[in-house]
Each structure stands twice: as C-alpha cells, then as structure tokens.
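One structure is given below, encoded as structure tokens.
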Amino acid sequence: MLDIIIAVIIDWIIGDPYWFPHPVIYIGKLIKMLEKLGRRFFKQDKWLLVFGGFIVIIVSSISFLIPFIILQGVKKFQVIYHVINIFFLWTVLAAKSLHKEGKKVYTALEKKDIEDARLKLSYIVGRQTEGLSKKEIIRADVETIAENSSDGIIAPLLFAMLGGAPLAMMYKGINTMDSMLGYMNFKYRYIGFFPAKIDDLFNFIPARVTGIIMCLVSPIIGGNIFYSIKIMLRDRKNHKSPNCAYPEAAAAAASGIMLGGTNIYFGEVVEKPTIGEEKNELSDFHITKTIILMYSSEILFIIIYVIIICFLGKH
C-alpha cells in the first residue's frame, strides 16, 4: 500500500522526465519491431490477424515477467525490493505528464498562438490537428485528459492494487499496444485487431470506475454528482470504444460542456456521437477544470483503496 502511495507522490512531483529511459519506450520499440517482422513475413490479412494475437501474447508476457522476475530476485533484500517496486509503479502512472502536456495546449491558447496549440495537441492525440479551431482544440485536449485519467492513472493503479507492479506493467504493455496498433483503419484493422480487443477487455472495469469516481468528485469543479451520473449513463455508448465514453461523459457533465463529434484520423473522417450537454461554451478554463478533476479522482481512488485495506486488515 505504501509503495503505491509513494509512487503516486513521485509521479506528482517529477512525472516522466524526457531524458529518462522510460520502460514504455522499450515496450514501444518491441511492438514496433514485432509489427515490422509481421509485415515482412505475412502479406495476407488472415495471417496479419493471427500475428496480431502473437504480438499480444509476447508483449503482455514480457511486460509482466521482467518486473516479476526482478522483484522475486531481490525479495530477500526488502529495501532494494521496495525501491524497485516503487520505480515500476511510478513508471506506469501519468498524472503529471497528462497535466504538463495538457497545460502546454492551454498556455499556447492563452498566448493566442493557435498554431502552437495545434502542434502541442498533436503530441498527445491521434487525430489530425491541422486546421482545428480553438474550440476543437479545447475539446480534444479535454477529451484526452479525461480518457487518459482512466488509461494513465486509475487503470494502472487498479492493476497495481490487484497484482502489484508486474500486473500494472502488463497493463501498460497492453495499453501501449493499443495506442500503437489498435486503429480500425485500413493499415491496422488486421494486425491491430487483437491488441485493440485485449485493451478493451482490460479497460472495461477501470473506465467505469473512473467515470463513477469523476462523478463523485465533480462538485469540486462546480458539477453535480447526480447530474454527472445521469449524463454518464445516458452517453456511455456514444463512442466507438466500449470504454472511453465513461470518463469523457463524466468529465463533460462535471463541466457542463459537450464533447465528441467529427474528427480526422490518418486522413480518414470519423463521425462520433456527441457526449454531454452544452450548458457552457468551451473555454480555456475547461482544460484546467479537467486537470483538477483528474487529480481529484486519483486522490479519491487512493483514499478508497486505503480505507478498504485498513478495513480488511482489521478483519
């Protein structure tokens, strides 16, 4: 329990420094290498589909086994064990990184530098950012922070609570696969099919937990718990992903804004249903409000975890 709390605090303070050799970088290199290998040897769609399943097995196994073997190897040395465990837990969390990258877009908008805002946004979203209006930039930034509050914070924390650093790292490997391969366009619809589906499976519970927690903390940014729950449940299916709409709808309801709509991914126009209700016009401040919502959700989730552990410890 203490290791997780320390890892969260470290993430809040230093985040993911650009110079640091982050484990996800090496997971990404492995995925890229496997994709190249698959495309080199398999040209038929059915074999690319099968190879995508092979990538899932390899990446998830390695992501789990490396931290597991290392931690088992140093288990007798408690101080070293906890230092390494905290290190792995820290690397799966992304609150400070989300805050920092999301705020860069906000800062560019405050300076009225729309081109720089589009550029900064392009670093954190998969959609095409060229030509986006100010409102579309804000919407994309808010959606990304809300969605990644699940993928980058609540989900890894949940898996860390259930199975320690190895399971959290395994989740991170699966999530990285999805971000690199899980697109349902012409290029990735076969090799990315299984990476996308396994990510949907692993995010099924975390996304819903994130949505509920966001609703509970919504009054912190001026929202209403019951209204947020109502909108989340109403709009939970307004997304191509079975999971993303939960945190996005909760965040939209908390701020009284509308998300979703038309986006362009890799040159293809993707029509999405809208999420939330436009009670308030999108403004720069909604980026800040979503960041506050993200941190508040993480804190409440940790508090709930500590209460459960203390309760179980007494029984």
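Glycine too: its Cβ is placed from the backbone N, Cα and C atoms.
What Swiss-Prot lists as transmembrane segment is 1-21 (among others), and the listing cites sequence analysis.
The transmembrane segment annotation in Swiss-Prot covers 50-70 (among others). Outside the transmembrane segment (50-70), and at least 6 residues removed from its termini, the chain residues within Cβ reach (under 8 Å) are 27, 30-31, 34-35, 38, 42, 84, 88, 165-167, 169-170, 172-174, 176-177, 181, 190-195, 198.
Taking Cβ pairs closer than 8 Å, the transmembrane segment (79-99) reaches residues 3-4, 6-8, 10-16, 22-24, 67, 70-71, 144-145, 148-149, 151-153, 156-157, 160, 164-166, 168-169, 171-172, 291, 294-295, 298 in its own chain, all 6 or more past its ends. If you look up Swiss-Prot, you'll see 79-99 (among others) marked as transmembrane segment, on the strength of sequence analysis.
What Swiss-Prot lists as transmembrane segment is 151-171 (among others).
What Swiss-Prot records for 209-229 (among others) is transmembrane segment, and it gives sequence analysis as the kind of evidence. For the transmembrane segment (209-229), same-chain residues at least 6 beyond its ends with a Cβ under 8 Å from one of its own Cβ atoms are 146, 149-150, 153-155, 158, 236, 246-247, 249-251, 253-256, 289, 292-293, 296-297, 300-301, 304.
Taken from Swiss-Prot, the feature transmembrane segment covers 250-270 (among others).
Residues or ranges marked as transmembrane segment in Swiss-Prot (evidence: sequence analysis): 291-311 (among others).
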In contact by Cβ distance (the transmembrane segment (291-311), the transmembrane segment (1-21); 3 or more pairs under 8 Å): yes
Distant-in-sequence neighbours of the transmembrane segment (291-311), which means Cβ under 8 A and at least six residues beyond its ends: 1, 4-5, 8, 95, 98-99, 102-103, 145-146, 149, 153-154, 157, 161, 209-210, 213-214, 216-218, 220-221, 251, 254-255
